[in-house]
Amino acid sequence: MSFQPTPEDKFTFGLWTVGWQGRDPFGDATRPGLDPVETVQRLAELGAYGVTFHDDDLNPFGSSDTERESHIKRFRQALDATGMTVPMATTNLFTHPVFKDRFTANDRDVRAYAVRKTIRNIDLAAELGAKTYVAWGGREGAESGGAKDVRDALDRMKEAFDLLGEYVTAQGYDLRFAIEPKPNEPRGDILLPTVGHALAFIERLERPELYGVNPEVGHEQMAGLNFPHGIAQALWAGKLFHIDLNGQSGIKYDQDCGSRRRPAGGVLVVDLLESAGYEGPRHFDFKPPRTEDFDGVWASAEGCMRNYLILKQPRPPSAPTRRCRRRASAPRVWTSWPSRPLADGLEALLADRTAFEDFDVEAAAARGMVRTPRPAGDGPPAGRARLTVAPRKR
């Protein structure tokens, strides 16, 4: 069985991922920068579908209009030559010192600049064919509880997103926004730290249909949460507009590991995306190990795609993967589909004596989760996929 990725698999990478130079708070870069054109070419050779970018990844901050046009022209030529796509773009509103905050800054001029910088890159994203625009609020928050009124900050954030939604609508762009939640870093207390926070915020916007979420594996795990549950809720809400795949080793700083971390959880993530019919790109937001040279960078990118394809297979190809799938399963749960409704409305429920008066509490308490034969009506809807897991062996 081949695990060679093809564009049909829709694997994408950010310029900032394979282009990460290995710089961290305690050490300088271990690799030189990567030319975006080379990135496009190498990822295409590996079988990727597309590439994503922050504005400053493609056009260094402060570039003149002439320099910007030159960078874009070279990038577009590389896309045309390789057939690579740009499904998503985003804005760097966190690196330059002006962005101590951004959409929620106490300084009105900083807020206005952040929105205008975003609008400029939205134009480029739409020009390159992007369908999703990700917004990560890494600088939205505080280290001191008295530094900012959170209610005012949320009002400011709402104003910014409403303006962006108005702009996209006025321009007629076929573009939706995906808010990327993250806790703990770089601000001590970040606004919209989890999928749930983002979903609640979206409902207060003027055009909620334009906004969804871009959950990242490591970000939910940084908060000690269950990532498959988070993306399941996003799918349930119809708001999974994009997804960032990577690995994380527990509650700590944002590691952005490749898929080598937590393969058991990866099984559930991949199965959920595939069984739910998610049609968006499978985007890897990871950092190649700081210890690697460029050969290791491309090997790690290739490994991300290969591991996804391995986990996607209904029957694992190797004993280690089988063990991972068994450990990831909940052996006593035999179904992943919803059961039949409680009743045909409230009146029918109140009239149903088996729901309360005649309900055998002790018998139900003694019943295990695995039931044979299956209760009448508790079957999968037509065409609904289910998780198939090998039985546990001791």
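Placement of Cβ uses the backbone N, Cα and C atoms for every residue, glycine included.
Cross-referencing ASP152, ASP155, ASP244 against the Mg(2+) 1 binding annotation in Swiss-Prot, which names GLU180, GLU216, ASP285, picks out ASP244.
Cα of ASP285 (Mg(2+) 1 binding site) to Cα of HIS219 (Mg(2+) 2 binding site): a span of 11 Å.
Around the Cβ of HIS219 (Mg(2+) 2 binding site), the number of neighbouring Cβ atoms within 10 Å comes to 29.
Listed in chain order, the extra residues whose Cβ falls within 8 Å of the Cβ center of the Mg(2+) 1 site residues GLU180, GLU216, ASP244, ASP285 are VAL134, TRP136, LYS182, ASN214, PRO215, VAL217, GLY218, HIS219, ILE243, ASN246, HIS283. Considering only the recorded positions HIS54, ASP57, HIS219, ASP254, the residue whose Cα is spatially closest to the Cα of ASP244 (Mg(2+) 1 binding site) is HIS219. Checking Cα-Cα distances from HIS219 (Mg(2+) 2 binding site) against the recorded positions (HIS54, ASP57, GLU180) with a 10 Å cut-off leaves GLU180, in sequence order.
The distance from the Cα of HIS54 (active site) to the Cα of GLU216 (Mg(2+) 1 binding site) comes to 17 Å.
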